[in-house]
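The following features are taken from TrEMBL:
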- 36-486: domain 'Biotin carboxylation' (DOMAIN)
- 152, 236, 271: ATP binding site (BINDING)
- 156-353: domain 'ATP-grasp' (DOMAIN)
- 328: active site (ACT_SITE)
- 563-832: domain 'Pyruvate carboxyltransferase' (DOMAIN)
- 572, 741, 771, 773: Mn(2+) binding site (BINDING)
- 644, 908: substrate binding site (BINDING)
- 741: N6-carboxylysine (MOD_RES)
- 1026-1095: domain 'Lipoyl-binding' (DOMAIN)
- 1061: N6-biotinyllysine (MOD_RES)
């Protein structure tokens, strides 16, 4: 009786309001009840708060935000004119449910009206009443209407009274589990629990079997209590596979109620809407009319004012059932706005001020549908893991925009922190078009433009929905997601740029990740410097150079009796054997001995590209200072360096004036001889380097890079004529010395005699210098053959730094030539002392020594032609990555890659190009034939692409075809990255690393592995250890259901987690006994944090 009395009272009031409306329509005092709003508070957060703020700003109304302690960095507080903290010391959700704080802020700051948004207190009659009691208008229905509509049971009763069909359910909120059991026995399964005082999927659980009843009742009650402050539930018969259709209504204070058509919200997961469409697709016209009529009649019966939604289920027979009234603005109100061109928030505020709908131009016959609109809720959830919420920091955010696209968001920006405390909604994307297919096309395009990095999103899943045939051409029901498993065939995102930034950031914070494949430690024995006599060192060839200049120096070299040696111990030897890690300190210690004992050396090689690279990157030394200090200690022996033509000592072409200036400064600081080469023997690049070295006053030694085998008649690309003709061009260009640079040690004794003999015959007055490596073990024999054929100088390294991928042995050459016409004039005893120093010194660099992984040279270099230094590096890298047993495959791939690229001359940087392609082939398990066939679709290393573009130069014989033509040379995906700064250590043991990428600021959070060793963190569950149970997602522990020592069965509930206002039960993966529990109620967990351990 009381219930009907309330209804009659409501109808009486409705009649009065109608009379009032008629009165104000016919008299001039239309504005007597109008009371403008000057300041609005939104008692909510996120995108809905910003949505209301924007409407207020458009209407000239001042705005006030409230925020919890966890939301201090959220965007909604920045969008308001004023913002105030509420719920100090309370839990994140509880802060927005704390009515006294909200009312206090409103009264203290002159707020006229409070908009509740959706969720939280939006359907709380107590809150609406508290606003009225405080003299603050509530932007929504009256407290009485909110109470009636918020009470699902009373709303059902009112619907019955209005003749609207309802689903069978309890007459009132159930008081205990037994009530639910009784209902199930009467109506059978399935049934559904629903929160009596809220919606949005919270407190809603479907139960299909009796065994599931108790657990789902507890979870629904707990969720409702947390989300709405009241855990009351009611129970309904669950209708299988219905469509979820809702009607948007709008009423004023004078009894006017209109509908703004319907929305189809059938695409749901966990009873939460994912995609909404307006108007309903393929809805029977008669059914549509009944839905509209029932919604308006129900609203009029209760005297509904402001915006609201009447929700219905439509079964497969076209019969509709009333579910509930949401007495608030809905998340999906946007699609209604798009198709009707009615701003619902504007209308809400105007109605709250006292305007009537006719005054606002809102009459039913004026409301028209224009096209179709779709809303997708982009959430931070992982569809591949059952839509588990993901949390963290948004590292990259780029949205999709354009014609027909609307975005409503709040937390969607770079640097935003997605916490587990609130809803996972990131941004609402609304697309409009003339029909469903057009709107879906625009939506798909917009979603494809999104780039969200740092947290998982449901965008790939949404893209699958939008391309689904059933979605586009038929009707869908609430089981659409469950019945279409192909929606979860998610296309993985490439995320290449962010992965690269993470890698670079990790290297910047923690250093290189490549492990050293051996445990060798530096020797504890300090090297002993041999005795050095008193006084100045003897006169050497540098004195000749300083006296007679480069031309006179070259003549003296050519006229010298015996074989001259260049010592590579100070550079190429330790580059090949010790990764160029030798410090200036150790070079300086032996320098006086070298100056006094080896004054008759042709030169000492001590500078080059690797010197600059390693000195600055690893040794923290200045290569210029090294040159100056060594020059002071060795004044009598010429210094020699490598100059990569137009590349100078770098890996790319530099401006001409930079190369010239470099040579000038190098000469001023003590450099004498410039060995100028080009990795492809590309003459224009070599001529630039020669000219720059000559202009600086240095000795120009033009070096021809050697490959192939001039003694093999089957290999004629690099024939004897090729080398002789190239040498002819270099001599004409004015080189002082002619050099053969055999980087891989391919010169055999026979080929040495052929090549050097031919050059000596052609150029009898030009000094000839030969450089080689001893990888195959034939280096000494080859160098002796070169001397017999007419070479003036050969390169050697001291015995303890010779052999393998280094140069041939100095002691061996000295001993073999002693007493012959090729006698070097070097005392063998001094070589022994020199070698002993370097043998001990080499022990100081044991972790970098190539002998850690490589025990000997290998004659297969005649097949793969890998340069000495690169051979060592590739071998080391293979062992570092655990691929030492596959080094044979790497060498084979190197041979095939060289053939693919047209048989290149291989020296830095061309050798790197071949090596990059070889590793690419091994990593992707590709044969030469497969690379050739798929060249148009493979993403080749950048060095390979740039080579084929001509950046390095033009190889002898031209570029390989048709391989070059098939490779896509420009993909438009070049990343320009600049490292900017490292941030301070945060409480999670991370540092923020800042980059500039393609002109935009980017940052990533990187764990500092060293600092984390000193910090305490919750242990992680190890998947490899059976019985360790980890948190399936970040969240808060609500309840632990077991104790240490408890027996558990497989599938038994262990604990309950809450994340983003949804509860998840963690079940036991096995039967056993609880060994240890690592969490307690209220503990906050990250994903994979260890919850407990079970033993069998």
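Backbone N, Cα and C atoms are what each Cβ position is placed from, and that goes for glycine too.
Remember, TrEMBL labels are computer predictions, not curated facts.
Location within the structure of each feature annotated in TrEMBL.
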residue: 152; record: ATP binding site; contacts (Cβ under 8 Å, 6+ apart): 194, 195, 196, 234, 324
residue: 236; record: ATP binding site; contacts (Cβ under 8 Å, 6+ apart): 167, 168, 169, 170, 191, 192, 194
residue: 271; record: ATP binding site; contacts (Cβ under 8 Å, 6+ apart): 201, 204, 206
residue: 328; record: active site; contacts (Cβ under 8 Å, 6+ apart): 116, 117, 118, 122, 123, 140, 307, 308, 309
residue: 572; record: Mn(2+) binding site; contacts (Cβ under 8 Å, 6+ apart): 605, 608, 795, 797, 806, 807, 869
residue: 644; record: substrate binding site; contacts (Cβ under 8 Å, 6+ apart): 609, 650, 677, 678, 679, 689, 908, 909
residue: 741; record: Mn(2+) binding site; contacts (Cβ under 8 Å, 6+ apart): 675, 677, 703, 704, 705, 706, 771, 907
residue: 773; record: Mn(2+) binding site; contacts (Cβ under 8 Å, 6+ apart): 576, 742, 743, 744, 745, 779, 805, 806, 807, 867, 868
Exercise. Taking the mean position of the Cβ atoms of 572, 741, 771, 773 as the Mn(2+) site, which residues outside that list, in the same chain, have a Cβ no more than 8 Å away, listed in sequence order?
Worked result: 568, 742, 743, 772, 795, 807, 868
For this session: Starting from the Cβ centroid of 152, 236, 271, the recorded ATP site, name every other residue in that chain with its Cβ within 8 Å, sequence order please.
Result: 169, 192, 193, 194, 195, 204, 234, 323, 324
Seminar exercise, completed: Taking DSSP helix as H, G and I and strand as E and B, the domain 'Lipoyl-binding' (1026-1095) has 0 helix, 39 strand, 31 coil
Seminar exercise, completed: Here the 10 Å Cβ neighbour count for residue 908 (substrate binding site) comes out at 20
Exercise. How many other Cβ atoms are found within 10 Å of the Cβ atom of residue 771 (Mn(2+) binding site), counting all protein chains shown?
Worked result: 27
Exercise. Do you know the mean pLDDT across the domain 'ATP-grasp' (156-353)?
Worked result: 91
Exercise. Where the record says 152, 236, 271 bind ATP, what is the longest distance in Å from one Cα to another among those residues?
Worked result: 16
